[in-house]
Amino acid sequence: MAGGFSLDGAKHYEGNVTTFVLITCFVAAMGGLLFGYDLGITGGVTSMEPFLIKFFPGVYKQMKDKSESKNQYCKFDDQLLTLFTSSLYLAALIASFFASTTTRMLGRKASMLIGGLFFLVGSLLNGFAMNIEMLIIGRLFLGIGVGFCNQSVPVYLSEVAPPKIRGALNIGFSMMITLGILVANLINYGTSKHENGWRVSLGIAVVPAILLCIGSLCVVETPNSLIERGKYEKAKKMLKKIRGTEKIDEEYQDLVEASETAKHVEHPWKNITRPKYMPQLIFCIFIPTFQQLTGINVIMFYAPVLFQILGFGSDASLMSAVITGVVNVVATLVSILTVDKFGRRVLLLEGGVQMFICQVIVGIMIGLRFGLNGQGAFSKVEADILLFFICAYVAAFAWSWGALGWLVPSEICSLEIRPAGQAINVVTNMLFTFAIAQVFLTMLCHLKFGLFFLFAGFMVIMTIFIALLLPETKNVPIEEMNILWTSHWFWKKMVPNDIDSKSKNSKSVL
């Protein structure tokens, strides 16, 4: 039995899609641009010879080893090199715990500002790095910025956006991530020929960091956060402004009631483990876990490195990374245009099937050409075919798990557990991002082409997980999201049915 679900009795609040909301959400999503830039910049930088000579001479020596017996799978296997990439996500993981409290007590704006400031400092340290210690410290600062922004921005977007376009506006965060990756790939391609090009690549992140700091001072606070901190009149005025109408009494009252309920929660981290919130807890853990187990960061972190391993030249590998970056942006735009029309489930299921097919084909191609000893190379035609399937894989991820991996956890949690739920989402995401970034090159060295089949296996599991357990959340107001679980064929067996009388007329369609 599938988990499809709709609410005939769901509320539809008054309000318009205002220019004010669109501009506000664009500024807030700038945090995604920085995250994406940091995702995309490392792979290109770690393939630049001047960078490797200065910080990782051992890797440079391995890269230049042209002996026929050289195992291509193990060409870049170096734990210090992967620590340069993965340290950011370890710091983000730890920072997420503090960001949760900041987001709740000081507001979403304050959390975004703090994230922007850490991004700024980290970018400067990396751009002026003189040794590996300074490089890693800079990455740690960037990681703290990621932790704060990934905690606050998706929540901010979900709370400000009208329910009917919440999916599209929230995916603006993912769109900015993909734009950041593309910009990073373009800059890497442009700076790769210069001796200190890596400094430009790492240091230019100060520009979006400054924009985020300025933007976070200019955007409005969400009505949810204002009510949460007792600023009721200000919240009412802000709700009228972002909805573009005076008819906000029903939505405002629901926000106040949700806030009052949340205030009675003494221990939000303990509260989210109650049976009532078990579905939210499970999805806040498993969706970010599965998002990383797709293997996408194999491409996003190490695209130029991976393409070099597979026989692309230095310039060709960087250009191939640019091509995948363009595909990533276009496919995320597809998600923005379709998520509120077709829903979350359709995109997640289609994306899972397409990614599975592409990973299997890529694994077969690499296995046939490189075998178990890692010796071989692709012809020009074979390389183009491989790049096509990698692009098809990236596209499927971008319009499904890439965009919705941030949207769904941020929209399913009611106010009393939202900070804790989003913190769990970010922590889990960063934990698995760190793990995969740290061990991928070693796994590639040992599992060889079988690594792609491993990721394909995870895609089978996650697609079945969505098909059976995720109800459709499109057009459902966040304040009524709890209704989904008591009407779902599986979750209703676990979740107490304590929905108020106004919601009991909801109908489920399975």
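Cβ coordinates are placed from backbone N, Cα and C, and glycine is handled just like the others.
Annotations in TrEMBL come from automatic prediction, not curation.
According to TrEMBL, the transmembrane segment annotation covers 20-37 (among others).
Annotation comment: TrEMBL describes 24-474 as domain 'Major facilitator superfamily (MFS) profile'.
The transmembrane segment annotation in TrEMBL covers 80-99 (among others).
What TrEMBL records for 111-130 (among others) is transmembrane segment. Sequence-distant neighbours of the transmembrane segment (111-130) (same chain, 6+ residues past either end, Cβ-Cβ under 8 Å): 28, 31, 34, 95, 99, 102-103, 137-149, 151-153, 156, 199-200, 202-206, 208-210, 212-213, 215-217, 219.
Cβ atoms under 8 Å from those of the transmembrane segment (136-157) belong to residues 25, 28-29, 31-32, 34-35, 38, 83-85, 87-96, 98-100, 102-103, 108-109, 111-112, 114-119, 121-126, 129, 166, 169-170, 172-173, 202, 205, 209, 212, 222, 406-407, 409-410, 418-419, 422-423, 426, 429-430 of the same chain, restricted to positions at least 6 beyond its ends. Per TrEMBL, transmembrane segment is recorded for 136-157 (among others).
Listed by sequence, the residues of this chain that lie at least six past the ends of the transmembrane segment (169-188) yet keep a Cβ under 8 A from its Cβ atoms are 21-22, 25-26, 28-41, 43-45, 48, 153-154, 157-158, 160-161, 200-201, 204, 208, 300, 303-304, 318, 321-322, 324-326, 328-329, 331-333, 335-336, 339, 398, 402-407, 410-411. Summarising the annotation, TrEMBL assigns transmembrane segment to 169-188 (among others).
Non-local neighbours of the transmembrane segment (200-220) in the same chain are 24, 27-28, 30-31, 33-34, 37-38, 41, 44-45, 48, 109, 112-113, 115-117, 119-120, 122-124, 126-129, 138, 142, 145, 149, 160, 180, 184, 187-188, 191, 194, 238, 241-242; each lies 6+ residues outside the stretch with a CB under 8 Å from one of its CB atoms. If you look up TrEMBL, you'll see 200-220 (among others) marked as transmembrane segment.
What TrEMBL lists as transmembrane segment is 281-305 (among others).
If one looks beyond the transmembrane segment (317-339) by at least 6 residues along the same chain, the residues whose Cβ comes under 8 Å of a Cβ in the stretch are 40, 43-44, 47, 167-168, 171-172, 174-175, 178-179, 181-182, 184-186, 188-189, 192, 299, 303-308, 347, 387, 390-391, 394-400, 402-404, 407, 474. The annotation transmembrane segment is assigned in TrEMBL to 317-339 (among others).
Positions annotated as transmembrane segment by TrEMBL: 346-366 (among others).
Long-range neighbours of the transmembrane segment (386-408) within the same chain, counting only residues 6 or more positions beyond its ends whose Cβ lies under 8 Å from a Cβ of the stretch, are 150, 154, 158, 167, 170-171, 173-175, 177-178, 283, 287-288, 290-291, 294, 296, 299, 310, 320, 323-324, 327-332, 334-336, 338-339, 344, 347-348, 350-352, 354-355, 358-359, 361-362, 365-366, 378, 425, 429, 462, 470, 473. According to TrEMBL, the feature transmembrane segment maps to 386-408 (among others).
Sequence annotations record features per position, and here TrEMBL assigns transmembrane segment to 420-443 (among others).
Listed by sequence, the residues of this chain that lie at least six past the ends of the transmembrane segment (449-470) yet keep a Cβ under 8 A from its Cβ atoms are 1-3, 279, 282-283, 286, 290, 293-295, 298, 344-345, 348-349, 352-353, 355-356, 359-360, 362-364, 366-367, 370, 401, 408, 440, 443, 490-491. Taken from TrEMBL, the feature transmembrane segment covers 449-470 (among others).
Below 8 angstroms of C-beta separation, residues 38, 42-43, 46, 55-56, 59, 111, 114-115, 118, 132, 135-136, 139-144, 146-148, 150-152, 301-302, 423, 426-427, 430-431, 433-435, 437-442 of the same chain, each at least six residues beyond the ends of the transmembrane segment (80-99), sit close to that stretch.
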